[in-house]
Amino acid sequence: MGQKRKDLSHAELMMMTIADIIKQLIEAHEQGKDVNLNKLKTKTSAKYGLSAQPRLVDIIAAVPPQHRKALVPKLKAKPIRTASGIAVVAVMCKPHRCPHINFTGNICVYCPGGPDSDFEYSTQSYTGYEPTSMRAIRARYDPYLQTRHRVEQLKQLGHSVDKVEFIVMGGTFMALPEDYRDYFIRNLHDALSGHTSNNVAEAVKYSERSLTKCVGITIETRPDYCLKRHLSDMLSYGCTRLEIGVQSVYEDVARDTNRGHTVKAVCESFHLAKDAGFKVVAHMMPDLPNMGLERDTDQFVEFFENPAFRPDGMKLYPTLVIRGTGLYELWKTGRYKSYPPSTLVDLVARILALVPPWTRVYRVQRDIPMPLVSSGVEHGNLRELALARMKDLGTQCRDVRTREVGIQEIHHKVRPYQIELIRRDYVANGGWETFLSYEDPEQDILVGLLRLRKCSEESFRPELKGGVSIVRELHVYGSVVPVSSRDPSKFQHQGFGMLLMEEAERIAKEEHGSWKIAVISGVGTRNYYRKIGYELEGPYMVKRLQ
């Protein structure tokens, strides 16, 4: 056999290896054994004398159809990617100058990227070396190609790409000219539905009926590009979540880092956005110039307890010093110094302990490759280190993401046992917020959540005037289940969403005294609400409460 093996080409050996791996996987599955895939790949590759291991994509592609259902979920690369039930596709708009250069004369001191920087082909606030930027540059910033490529890539890795959420990155999208924005959003919807549209409204109409559903679009923006006209535009795009760059709650820090807007603007934009039904995710930067540990901790206490802020989600980006920025000059001349790594882990651990149970921490650091960073975060796994530090301190992180059923299952192999409805009320941004969730309180696992808001009097959308409650988010966690099928072991489509909606309608009618309830719904999920008696009014799905 050894002689024969030498005559075979590399490709043939590779095929034999893959076939052998799949055979062993099927046997293990039939015997109900757990397999260490990496060990299996190494062993089998060595057996056939290969220097390189077969790629996961090739193994997944070669699984015979009758075994796909059993094997592909086990082979899935990076299960966290769809653990929350949705495949996230990040796309970037073309590089453009930062909008506030016109009136502050310069960009923020810590900001890399943009058309004038060392990294000239990158968008504002990105270096062009992050995975998303590289994909965007490869597609020449074409939204259609970025979407198609990423969806295909996730499919090859064994994920179910049935529900897609877009994140529009690359500086302030809303500062771009209107015709470019329309072209961009139109192409995102068209890439999923396969239709070629002439305008956004048409694209949205076809996207509603697409097989791959767009369940939401997230747009990154600044508080000064989050005014009424911007919010109305974003509603027409099918956008459901905003990421607003706050960075700091201190007026002097916002001024000295050259943000070009005040903290008051932040509070106002939060208020307007929540009254239009958006979910608000704030970007926060600890470790900015003239802060210090005390002020940094205090600002997060303020951020979560002051009703003028209280976001629905947060991305935590510890400050990085990157060449070509104003901060780099301060750092080189010794006028700015980053926290030592252990202090930073301490700070992040403290911040995570402050996060209320209705807030989701999406990220704990930027996706910037280490060689570009002159000073700042030294570890790639800051969240893990912070969670380990919290264990030592005896505190725990109770944000939405840590308690999600899908993520708990991947990390701790824990499944919920006794699920009950839990309700939390709080006041934020001039409105009454109710956070409803189905949880297993014993093990602290979250299965589904709903955010309900009694709109304040100042709501500017005509659909939401005069005693209307709005559901800003409905999400049942757990692995993606295609929209039409039911899998009894997974938590989507088990009716939790329906139960949450019924409770929300009851609260809106009996406690808020509202005559109508509205839902800000992703374009692809509108049919779900149609089934339970809602109809489209403007960008919202609404229902009269008798």
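Each Cβ is built from the backbone N, Cα and C atoms, and glycine gets one as well.
The following features are taken from Swiss-Prot:
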{"type": "BINDING", "residues": "Cys98, Cys108, Cys111", "note": "[4Fe-4S] cluster binding site"}
{"type": "BINDING", "residues": "Lys163, Glu473, Leu474, His475, Val476, Phe496, Gly497, Met498, Tyr529", "note": "acetyl-CoA binding site"}
{"type": "DOMAIN", "residues": "81-371", "note": "domain 'Radical SAM core'"}
{"type": "DOMAIN", "residues": "395-546", "note": "domain 'N-acetyltransferase'"}
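Location within the structure of each feature annotated in Swiss-Prot.
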residue	record	Cβ contacts under 8 Å, 6 or more apart
Cys98	[4Fe-4S] cluster binding site	Ile107, Cys108, Cys111, Gly114, Gln124, Gly171, Thr172, Ala175
Leu474	acetyl-CoA binding site	Gly448, Leu449, Leu450, Arg451, Gly497, Leu500, Met501, Val519
Tyr529	acetyl-CoA binding site	Val519, Ser521, Met541
Remaining residues near the recorded [4Fe-4S] cluster site, that is with C-beta within 8 Å of the centroid of the site residues Cys98, Cys108, Cys111:
His100, Asn106, Ile107, Val109, Tyr110, Gly114, Gln124, Ser125, Asn258
Site diameter for acetyl-CoA, Å, by largest Cα distance between Lys163, Glu473, Leu474, His475, Val476, Phe496, Gly497, Met498, Tyr529:
18
Report the mean pLDDT of the predicted model across the domain 'Radical SAM core' (81-371), rounded to a whole number.
92
Provide the three-state secondary structure of Leu474 (acetyl-CoA binding site) computed with DSSP.
strand
Mapped DSSP class for Lys163 (acetyl-CoA binding site), helix or strand or coil:
strand
